[in-house]
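Engineer: Below are the structure tokens for one structure; questions will follow.
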Amino acid sequence: MSATQLPNGYKSFGPKANCTLEVCPLEASLLRYQPSIPVNGTFIGLFALAMIIHTIQGLRSRNWGFMASMIGGCLLEIIGYVGRLILHDNPFSFGGFLLQIICITVAPVFFCAAIYVTLSKVIINVDRSISRFHPSLFYYIFIPCDIVSLVLQATGGALSTVGNNKAQVQKGVNVSLAGLIFQVVCLVAFCALFADYLITCARKPEARERMTKRMQMFVAFLFLSSLLILVRCSYRIEELKEGYFSEMFRNEPLFIGLESSYVAARELG
């Protein structure tokens, strides 16, 4: 529904939005639905649980970089889903939408950083001599790329929420898209290097012997985590390609299936 169909003096989107369900129809909101309280509340609980688990693991292993990345990502997810609960009460809430679009979009960047840190430690423990790059390069190459992606996505999310019309909103969306596409490119490169190391490791008897069953299981889940985030980012690119006014953006079951579930599975896997 366009702004001209709203009651006189009311706005449905942006910093000056003053619509509520008492005076404006749900169809005039950006999402056109009220996010589910049970579903989004469940994901708040799951990410809180994941944060506690990874904090305990980080303290025990003294892996501070991994722990900080996981806590940062989980906190952003929790804040983002709190934003969705706010949108349930008031689908026109600018603050709620801001929390959702920025926090949920950028949170996986922190999870990617945790994966990069973890793989570098795996290489050091198994056999650094067969890696095409020194383990520290996974920090120096991919984490700066993560920061670039984070800045683009956060900036785009912020810009998109302060637009006064569709064209201005789309400019912000395009910046977020650039960040997501850059993240996917980096993830594909990382997964290729990860797979290359695993293949080389499988061909080297000495390295293969160091790969205990437990280590093999851990590395398999680490690689699967990378793929889950890659699929999730690909979905978000497709979702945002047509902007906030597309049917795909307004599809909550699809969002829960390809965003929430994928990221939560990665954190609790």
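Think of each number as a place in line: the chain as shown, counted from 1.
Even glycines carry a Cβ here, placed using N, Cα and C.
According to TrEMBL:
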TRANSMEM  37-56  transmembrane segment
TRANSMEM  63-82  transmembrane segment
TRANSMEM  94-117  transmembrane segment
TRANSMEM  137-155  transmembrane segment
TRANSMEM  175-198  transmembrane segment
TRANSMEM  218-237  transmembrane segment
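Show me how these features fit into the shown structure, please.
Structural biologist: Counting only same-chain residues 6+ beyond the ends of the transmembrane segment (37-56), those with a CB under 8 A from a CB of the stretch are 66-67, 70-71, 74-75, 77-78, 81-82, 84-85, 88, 256, 260, 264, 267-268.
Among residues of the same chain six or more beyond the transmembrane segment (63-82), those with a C-beta under 8 A of the stretch's C-beta atoms are 40-41, 43-44, 47-48, 50-51, 54-55, 57, 99-100, 102-111, 113-114, 117-118, 121, 260, 263, 267.
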